[in-house]
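As recorded in Swiss-Prot:
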type	residues	note
MOD_RES	Ser104	phosphoserine
BINDING	Ser104, Asp241, Asp243, Asp245	Mg(2+) binding site
ACT_SITE	Ser104	active site, phosphoserine intermediate
Amino acid sequence: MTRIFGTDGVRGLANGQLTAELALDLSVAAARVLADRGEFKGHRPLAVVGRDTRISGQFLEHAVVAGLASAGVDVLRLRVLPTPAVAYLTEALGADLGVVISASHNPMPDNGIKFLARGGHKLDDAVEKLIEQHLAEEWDRPVGGDVGRVTPYATPVEEYVAHLVGTLTRSLDGIKVVLDCAHGAAYEAGPRALRAAGAEVVAIAVEPDGLNINADCGSTHLAALQAAVVEHGADVGFALDGDADRCLAVDHEGNAVDGDQILAILALGMAETGHLAKNTVVATVMSNLGFVQAMRAAGVGVRQTKVGDRYVLEAMRVSGYSLGGEQSGHVIMSEHATTGDGILTALHVLQRMAATGQSLQSLASVVTRLPQVLVNVPDVDKSRADDDAVLAAAIAEEEAALGDSGRVLLRPSGTEQLVRVMVEAATQEEAVSVAGRLADVVKRQLAL
C-alpha cells in the first residue's frame, strides 16, 4: 500500500488529503496497534492531544479525540500547545500516547498528525507501518464504561513553562530579546518562558487568527524579526516556527544565525561544563562543512545522520549523545527534551550569552560558513534519484573538481515530490554554478 506516514508523521492539505475521516481512522488504528503490542496492559490507556493555531486544527482535533475515545482511550485535551510541550507532557503525565496536530513550518492550508510513544518520543517506523495496515479495519468496539473519557487539561502552558525555566542555572536578567512566535503554537508559552527566566521580551507574531500561522513571520521568514531587533535595539532575536520545534536566531545587527551556528554555540558551552556526552554533537548531512570544521578544530566530534530530526534523535538515543540538531533549527537537548524544542534552544543560547558576557554575533563567529546553495527541483521522479547512473557520474565529476573545499549532496524530499541539490564550495559563484549544472541533470534524467 502507499505510505501515509512521511518523515514527520502524516501531512497534507487539510480537508484534502488529510480529512476528518482519515484523522479518526488513524487514531483508532494507533490505539489498536498499541493495545495489540501490550502497551495498555493492566490500566486504562491515556492520551494527550495538542495542536497548533491553524483553523483546520479544530476539526482535526475533534476527529482525533473521537477516534481515541471510541477505541477506549482516555484523552486529555491540551488545546493549542507547542509540539515539544506535548512531548514533555506525554512523559510527565505518564500518557501512553501523545498526538500533535500540526504541519509545523508548512503553509496554513496544510496540517498534519504526529503520534508520540510513551515517554514523548516519536513512534518507530515499524509502528507507523502497522498503523497504516490497520486503517479502516473492522474491530470490536468498546461499549459502556469502556469507552474513553475526554477531559480538558487545566494547566499545560504553566507546567511546560516551569519545566523550561527549571533547566536553566542562571538568570537572563539584562538581556533584551525579540521573540517571533510565527502566530503559532508558542504564542503564549514562548514569551512567558523567556520573561520568567528574567529576559526583557518584545514579542511579535503573537496574534493567531487561524489563518496567519507562518505568514511572513517565524523561522521561514526572518525579515520581520531582523527589522524588529534593530528597531528595538535588542541584544538578540529568535524566530520559532508554527509548532515551535525549531528556532533560528538574529544577532544585534540583524544578521541571521542558523541552526549550525546555534548547535556550535551550545556544543562548546556543554563541552566546557562537561554536559556534552562523549564530547560529540550529532548533526545531519545537510550541516555546513564549516560547522564540521569548527567543531573538529575545537576537539568536538561530529556524528552525521540522514536529514530529519527523527534520525538525529535515533543516533542520540542509540549512542548516548546529549546534543544534536539540524541546520534548519531543530535542536535536541536530550537531558531536557525528547524532541526539538525552539523555546528551550533560545533559553540555552541566552544562558550561554549570559555566562560568557559575549554577544550572539561573537559566539556565532566560531563557525565560518562555506557558501552553500540549495536548489529544489520539482516535478521529478524522486524514487530514481539514487539509482540513475548518469546522475551519479555527474555528481562524482563535480565532487572531484571541488576537492576538500566543497561537497555535493543530492536528496529526495521526504514530504514533497521534489529532489534537493545542495552544493558547498569555496565561493558563492562556484556553488551556484555547480548546483545549476546538477539541477539540469536531475530535470533531464528524472523527468516524469
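Going from the start of the chain as shown, residues are counted 1 onward.
Note: Cβ is positioned from N, Cα and C throughout, glycine not excepted.
As the structure is a computational prediction, the values presented were derived from the model and not from experiment.
Within 8 Å of the Cβ centroid of the Mg(2+) site, not counting the listed residues Ser104, Asp241, Asp243, Asp245, the chain contributes Asp52, Pro82, Thr83, Ser102, His105, Gly184, Ala185, Leu240, Gly242, Ala244, Arg246, Gly340, Gly342.
If you take the C-beta of Asp243 (Mg(2+) binding site) and look for same-chain residues 6 or more apart in sequence within under 8 angstroms, you find Asp52, Pro82, Thr83, Val100, Ser102, Ser104, Gly184, Ala185, Ala186.
All chains included, 35 other C-beta atoms sit within 10 angstroms of the C-beta of Asp245 (Mg(2+) binding site).
Set side by side, the recorded positions Ser104, Asp241 differ in how many other CB atoms lie within 10 angstroms of their CB, and the most is found at Asp241.
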